[in-house]
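Reading through the structure tokens given below for one structure.
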Amino acid sequence: MKINYQELANNIKLWAKELGFQKVGICDVDLSQHEAALEQWLEAGYHGSMDWMARHGVMRARPDELHPGTIRVISARMDYLPPKAGFASNLKDPNQAYISRYALGRDYHKLIRNQLKKLGQKIEEEVEQLGYRPFVDSAPILERPLAEKAGLGWTGKHSLLLDKNAGSWFFLGELLVDIPLPVDTPVENQCGKCTACISSCPTNAILENGVIDARRCISYLTIENSGIIPEEFRSLMGNRIYGCDDCQLVCPWNREAEITQQADFHRRSSLGNSDLISLFSWDESTFLKNMEGSAIRRIGHIQWLRNLSIAMGNAPHSEAIISALQDRLGLDENLDIHIQWAIKQQSLVITSNRKEQRLIRIIEKGLPRDA
């Protein structure tokens, strides 16, 4: 059976759109140019406690070792920006918890993996014999360099992939295949001299163009770090209890980003009320029930309370907050450290964070639809 691979590649992109992906590109598996930078980043310890990154090392840059026989990677993008994102209104109210917008709906891993699997099955029907494997970011693979190579966008200074139409509000997934599909052309970097993301990072986690010290990043601190959050970062976290979107919010390319068509990525009803005290009152069973099917669930109840306690410490003085914090003392040793800090903070006069106020003004001016 003779296969027209160019025609097949065109069809793959059509099928992917039918499965809910907004854009698809194809590349080869050579990521050798990224291996040295990856090793340097790991040696510097910028990955923090994410030991799995160091364990897999340069294998992350070798897709053909993850799935032997792989010669092409189909990289796919799925937009997640929810309607009525309410960025500015949320950040302006210190008594409301801020949750990164990618996590407001259902966990994307399973959904995207399932759609990639369906894409693989569709391709298999056409070529009769196909070796393939879907990956979403939980797997040890350098998905951003692959997506960049496949023409899905360019890497911003915040290390996220950027597309002219979608900004950076999207998930990535990969389908590794063993057929010689024609590859796509990378796009030109459009960031220019802009450094908005670097100057707006609350904790100065963006060290230089594309280099992130995860140990300083609020997303890492609230999600990947299960231990004690260093005191130097707590007040800078504000009301961000799960992730951080600041570097995306100031990016000019995100001003016209499209709203997701995937209803599963819309805000879940259990997060309709993000009042800090209300969320802090959830016991473990309530947390597990309300976060079923959510990416937030995997951090666990104690880490959820830890993050909330910091936000409560950063909120305006309130006897109700102090009482709620005191009621949780004794539940967990590490949690107590953060609660005691928060109680102490509540007794101080909280001054406005100038960088955060600037961020809110930028959102209201540049992202009025999503403010």
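Quick reminder: no glycine exception, Cβ is built from N, Cα and C everywhere.
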Residue from CYS27, CYS251 that Swiss-Prot also lists as binding [4Fe-4S] cluster 1 with CYS191, CYS194, CYS197: CYS251
Cβ-centroid neighbours of [4Fe-4S] cluster 1 site CYS191, CYS194, CYS197, CYS251, 8 Å, sequence order: GLY156, LYS157, HIS158, LEU162, THR195, ALA196, ILE198, VAL250, PRO252, TRP253
Remote residues contacting the domain '4Fe-4S ferredoxin-type' (179-211) - C-beta distance under 8 A, at least 6 residues beyond either end: 3, 5-6, 8-9, 12, 25-28, 41, 46, 71-72, 74, 123, 127, 130, 148-151, 153-159, 162, 164, 217-218, 220-221, 233, 236-238, 244, 246-253, 353, 355-356, 358-359, 362
The domain '4Fe-4S ferredoxin-type' (179-211) [mean pLDDT, rounded to integer]: 96
Counts by DSSP class (helix H/G/I, strand E/B, coil) across the domain '4Fe-4S ferredoxin-type' (179-211): 5 helix, 4 strand, 24 coil
CYS247 ([4Fe-4S] cluster 2 binding site) - helix vs strand vs coil (DSSP): helix
Cβ-based neighbourhood (8 Å from the centroid) of the [4Fe-4S] cluster 2 site, residues CYS201, CYS217, CYS244, CYS247 excluded: HIS158, CYS197, PRO202, THR203, ALA205, ILE206, ILE212, ILE218, SER219, ASP246
